[in-house]
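Below is one structure, written out as structure tokens; the observations come after it.
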Amino acid sequence: MEFAGKRLKGLIAATFTPMTSNSDINLPVIKQYVDYLVQKQHVRNIFVNGTTGEGMSLSVQERKCLAEEWVKQARGKMDNVIIHVGCLSLSDSKDLAAHAASCGADAISIVCPSFLKPSSLDALVLYMKEVAFAAPSLPFYYYHIPRLTGTTYQICELLRKAKENIPSFRGVKFTDVNLMDFGLCVSQYKEFDCLYGVDEQLLGALAFGAHGAVGSTYNYLGKKNGDMMAAFEGGNLQEARKIQCSLQEFLLFVFDMGWGLPEFKDIMSQISGIPLGPPRLPLYSSVKSDHHDSIRTKMLKLDLI
């Protein structure tokens, strides 16, 4: 089967999973979330149940319910809903892939298993093929995030093998700082969508020819990142650098506080006004109410909101 249709491009928000105070999934919030992304952040693509969405901490049934609701609420408003279906269990991944196809998702993606890891690149591609064949009508993307999976195969070589073995393969979500490998993916496999996943280095990836970007900060800084992409595409490198440096300064402020994914969920709630709730254990947010003013002040100073 050939997939010669639409390409994934532009910004793709890696969505947080809304939860109640008891850390149960909170489906009614998703409509408000979709409207906020489209109307306030000008983001029309989402990546659901990935790292930002705490996908590995959710049950298969929860992930199915979330996929259905995101697809339902995005219909007619968004361009693409990509469902991450990666699990530690191959059968669960195949089940989620088939479900994503049945509920109307636009594409699927999987991350490399991170406990019992594939022993070789060939084994990983075989694993990918099994999942892709469970939803042969959907474009399939590999999600590369070696910092969490511990799997460091060269992705330009993975693209070659995937091209030979997986008819529905369409590209990679590349969440790593290795811009040489990323650049080779872009230059050697122009038929694939190469989506960059390190928000603070997006401008560098654009210089290498990134087709788009998937990230958590595009939930609440989507418009500003869109401005940076427009400046780059228009040849205004000075403005693009200015915006990227402001975004980096904000992220450095956050990282220096020792914060990560749990705190980014809190920041999204604060900036958007959407009640996303807490992360699910073992994640735990250390943001206190007295931090909110300093976060907003920093973002205002950097002209990010």
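Just so you know, glycine gets a Cβ as well, placed from its N, Cα and C.
Noted in Swiss-Prot for the protein shown:
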BINDING   THR51, THR52, THR175, GLY197, ASP199, GLU200, SER216  aceneuramate binding site
ACT_SITE  TYR143  active site, proton donor
ACT_SITE  LYS173  active site, schiff-base intermediate with substrate
List the other residues in this chain whose Cβ sits within 8 Å of the Cβ centroid of the aceneuramate site residues THR51, THR52, THR175, GLY197, ASP199, GLU200, SER216, in sequence order.
ALA14, VAL198, VAL214, GLY215, THR217
Recorded aceneuramate site residues THR51, THR52, THR175, GLY197, ASP199, GLU200, SER216, farthest C-alpha pair in Å:
17
At the Cα level, what's the spacing in Å between THR51 (aceneuramate binding site) and the residue listed as 'active site, proton donor', rounded?
10
Measuring Cα to Cα, how many angstrom lie between SER216 (aceneuramate binding site) and LYS173 (active site, schiff-base intermediate with substrate)?
13
Subset of recorded positions (THR52, TYR143, ASP199, GLU200) lying within 10 A of LYS173 (active site, schiff-base intermediate with substrate), CA to CA, in sequence order:
TYR143
Other CB atoms within 10 A, centred on LYS173 (active site, schiff-base intermediate with substrate):
28
Cβ neighbour count within 10 Å of TYR143 (active site, proton donor):
24
Return the count of C-beta atoms lying within 10 angstroms of the C-beta of THR175 (aceneuramate binding site), excluding that atom itself.
23
Binding-site residues: THR51, GLY197, GLU200 - member with fewest neighbouring CB atoms within 10 Å:
GLU200
Looking at Cβ-Cβ distances, which residues of the chain lie under 8 angstroms from THR52 (aceneuramate binding site) while being 6 or more apart from it?
ALA14, THR15, PHE16, SER216, ASN219, LEU261, PHE264
Across all chains shown, how many C-beta atoms besides its own are within 10 angstroms of the C-beta of ASP199 (aceneuramate binding site)?
22
DSSP three-state assignment for SER216 (aceneuramate binding site):
coil
Determine, from DSSP, whether LYS173 (active site, schiff-base intermediate with substrate) sits in helix, strand or coil.
strand
Give me the CA-CA distance between TYR143 (active site, proton donor) and GLU200 (aceneuramate binding site), in Å, as a whole number.
18
Across all chains shown, how many C-beta atoms besides its own are within 10 angstroms of the C-beta of SER216 (aceneuramate binding site)?
23
